[in-house]
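Enquirer: When I checked Swiss-Prot for this same protein, it listed these features:
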type: REGION; residues: 1-158; note: region 'Disordered'
type: COMPBIAS; residues: 13-23; note: compositional bias 'Basic and acidic residues'
type: REPEAT; residues: 27-37; note: repeat 'LEA 11-mer repeat'
type: REGION; residues: 27-143; note: region '11 X 11 AA tandem repeats of T-E-A-A-K-Q-K-A-A-E-T'
type: REPEAT; residues: 38-48; note: repeat 'LEA 11-mer repeat'
type: COMPBIAS; residues: 41-74; note: compositional bias 'Basic and acidic residues'
type: REPEAT; residues: 49-59; note: repeat 'LEA 11-mer repeat'
type: REPEAT; residues: 60-70; note: repeat 'LEA 11-mer repeat'
type: REPEAT; residues: 78-88; note: repeat 'LEA 11-mer repeat'
type: COMPBIAS; residues: 81-98; note: compositional bias 'Basic and acidic residues'
type: REPEAT; residues: 89-99; note: repeat 'LEA 11-mer repeat'
type: COMPBIAS; residues: 109-140; note: compositional bias 'Basic and acidic residues'
type: REPEAT; residues: 111-121; note: repeat 'LEA 11-mer repeat'
type: REPEAT; residues: 122-132; note: repeat 'LEA 11-mer repeat'
type: REPEAT; residues: 133-143; note: repeat 'LEA 11-mer repeat'
type: REGION; residues: 182-213; note: region 'Disordered'
type: COMPBIAS; residues: 193-213; note: compositional bias 'Low complexity'
Amino acid sequence: MASNQNQGSYHAGETKARTEEKTGQMMGATKQKAGQTTEATKQKAGETAEATKQKTGETAEAAKQKAAEAKDKTAQTAQAAKDKTYETAQAAKERAAQGKDQTGSALGEKTEAAKQKAAETTEAAKQKAAEATEAAKQKASDTAQYTKESAVAGKDKTGSVLQQAGETVVNAVVGAKDAVANTLGMGGDNTSATKDATTGATVKDTTTTTRNH
């Protein structure tokens, strides 16, 4: 009987050694897989951040270019209005000179009409220049908002990739632990497997199932 006990102890020790060896191999593989996943995640995050940075730079450059174009257009509009005002005033002056021989009343009316026309032209030019300036400001504001939203989206995407990688690592470790627990449950010695504190609820469930059969 003592020989049977010794033989049982030997088999139990041998089973435990094989189990520990297999557990170590599985944990090593899990750690290696987790390291590869983390490295891939870091690389992906770096690529995403670089792409976002490049996109932001391109958008900002485009915004600057559009703002410069709008500024040039506004300046051109203002210059054209100034030229038009000068031409109108000059034409009015010439008309006034030509009508000098007419009666004082007629001359006064023409001069007043010329002044009124010049004032209307100047006012229209100012209004057009103001509208062009406001449109340029609005366009620059919209472009800046788009740039900001693009940067925030790239950051959120990077955070999501890192979170998914973390979940993958956790799932891999849990899967390795469950596999070890199932191996212990099928080892033959149900009592010893149930007493192993590291196997958890999975080994206990397996032991119960084995006894029922």
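First residue shown is number 1, and so on along the chain.
From the backbone N, Cα and C atoms, a Cβ is placed for every residue, glycine too.
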Enquirer: Could you pull the average pLDDT for the repeat 'LEA 11-mer repeat' (78-88)?
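Expert: Mean pLDDT, the repeat 'LEA 11-mer repeat' (78-88): 90.
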Enquirer: Across the repeat 'LEA 11-mer repeat' (122-132), what are the DSSP residue counts per state (helix, strand, coil)?
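Expert: Counts, helix then strand then coil: 11 helix, 0 strand, 0 coil.
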